[in-house]
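Undergrad: First the structure, then my questions, so here it is.
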Amino acid sequence: MVKVVVCGAAGGIGQPLSLLLKQSDLISHLALYDIVNAAGVAADLSHINTASKVTGHVGKDSLADALQGAHTVVIPAGVPRKPGMTRDDLFKVNAGIVRDLAQACAQYCPRAFILVISNPVNSTVPIVCEVFKKAGVFDARKVFGVTTLDVVRSSTFVNHIKPQFEPHANRITVVGGHSGATIVPVLSQIKQVSFTPEEIKALTHRIQFGGDEVVKAKDGAGSATLSMAYAGARFTTSLLEASVRGKRGLVESTYIHLNGNPGAEWNARTTGLEYFAQDVELGPEGVANVLALPDLSAEEQGLVKIAVGELKGNITKGIDFVVQGAIPVAKL
């Protein structure tokens, strides 16, 4: 039995994410939690002719039932970005939501894999980790910030200017974090095509701020939901393939706690950070091995320095929210 829980399942990301996960033959029970409408989403998805059972759980009183026995918990819960908002602006609302969900996970499914989509990921992942540390159940190998959308955008945007580059077959490494200047696509390591310096600069900026394109295009109606759902389902599927099916050699870029993860010690020393997004080989216990950074161009090295500077503040903000017992603006 493989139970996957989606927290925030009735939202703009949660619904398409749940639809994609319903198609997986690796999931036997898909539990959908939200403060409203999760029962309706579950009823709808339960009519799809795949083998997994779907259950809906609405409100705080049903959270324990949703989480108990979970193999993997995916958290897209929270409010979306609106025009003029940065991911950091979301912190005031989403930090409390993520903190409360993490506390419930630490209590009811402490050994589950936790996949954090709720923005700002640079800060919400440290919140989850600090909650698990306080509860005495923290395992650095099992908490992931889902930065897969940056990888998906990278291969897509490269294809837009280099049609010979096959976006589905070629994965581009993205390091750093998951907002603006903290996103560093390693374009210099792409062997299939070449770029001019101007193309590199334009591509890097578009990848870093691709989310703004969607926010602007939706004109106040939301942020990237469908592409994020696709990216979230892709990462979840990769993790399940490695942890359930035992498939080896699966590599995804993800934002993780460096200390306590095999292969990451050097990066923690080099960057001075506790958290960083980079290529990770997935395995039965989550992180099997953190891969070394590829060779970076001089420009990319400069971008990483900028990312490290911003990440320090993002990480501290998340840690302090838990350690100092900040009062959340929003409650579940």
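Cβ from N, Cα, C; glycine included.
What TrEMBL says about a protein is an automatic prediction, not a curated fact.
Quick paste from TrEMBL:
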ACT_SITE  His178  active site, proton acceptor
BINDING   Gly8, Ala9, Ala10, Gly11, Gly12, Ile13, Gly14, Asp34, Asn94, Ile117, Ser118, Asn119, Met228  NAD(+) binding site
BINDING   Arg81, Arg87, Asn119, Arg153  substrate binding site
DOMAIN    2-145  domain 'Lactate/malate dehydrogenase N-terminal'
DOMAIN    147-321  domain 'Lactate/malate dehydrogenase C-terminal'
Undergrad: Between Arg81 (substrate binding site) and Gly8 (NAD(+) binding site), find the distance joining the two CA atoms and give it rounded to the nearest Å.
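TA: If we compare the Cα positions of Arg81 (substrate binding site) and Gly8 (NAD(+) binding site), the gap is 15 Å.
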Undergrad: Where the record says Gly8, Ala9, Ala10, Gly11, Gly12, Ile13, Gly14, Asp34, Asn94, Ile117, Ser118, Asn119, Met228 bind NAD(+), what is the longest distance in Å from one Cα to another among those residues?
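TA: It comes out at 18 Å between the most distant Cα atoms.
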Undergrad: For Gly8 (NAD(+) binding site), list the number of other Cβ atoms lying within 10 Å of its Cβ atom.
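TA: Gly8 (NAD(+) binding site) is surrounded by 26 other Cβ atoms within 10 Å.
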Undergrad: Asn94 (NAD(+) binding site) has how many other Cβ neighbours within 10 Å of its own Cβ?
TA: 26
Undergrad: State the count of C-beta atoms found within 10 angstroms of the C-beta of Met228 (NAD(+) binding site), not counting that atom itself.
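TA: Taking all protein chains shown, Met228 (NAD(+) binding site) has 24 Cβ neighbours within 10 Å.
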Undergrad: Consider the recorded positions Gly8, Ala10, Gly12, His178, Met228 and say which one has the Cα lying nearest the Cα of Arg153 (substrate binding site).
TA: Met228
Undergrad: Counting other CB atoms within 10 A of each CB, which of the binding-site residues Gly12, Gly14 comes out lowest?
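TA: Selected from the binding-site residues Gly12, Gly14 on minimum Cβ neighbours within 10 Å: Gly12.
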Undergrad: Quick one: DSSP breakdown of the domain 'Lactate/malate dehydrogenase N-terminal' (2-145) into helix, strand and coil?
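TA: Per DSSP, the residues of the domain 'Lactate/malate dehydrogenase N-terminal' (2-145) fall into 64 helix, 28 strand, 52 coil.
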Undergrad: With Cβ-Cβ distance below 8 Å and at least 6 positions apart along the chain, what are the contacts of Ser118 (NAD(+) binding site)? List them in sequence order.
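TA: When sequence neighbours closer than 6 are ignored, Ser118 (NAD(+) binding site) has Gly8, Ile75, Pro76, Ala77, Gly78, Asn94, Ile97, Val98, Thr124 within Cβ distance under 8 Å.
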Undergrad: In the structure shown, which of the recorded positions Arg81, Arg153, His178 has the fewest other Cβ atoms within 10 Å?
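TA: Selected from the recorded positions Arg81, Arg153, His178 on minimum Cβ neighbours within 10 Å: Arg81.
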Undergrad: Counting other Cβ atoms within 10 Å of each Cβ, which of the binding-site residues Ala10, Asn119 scores lowest?
TA: Ala10
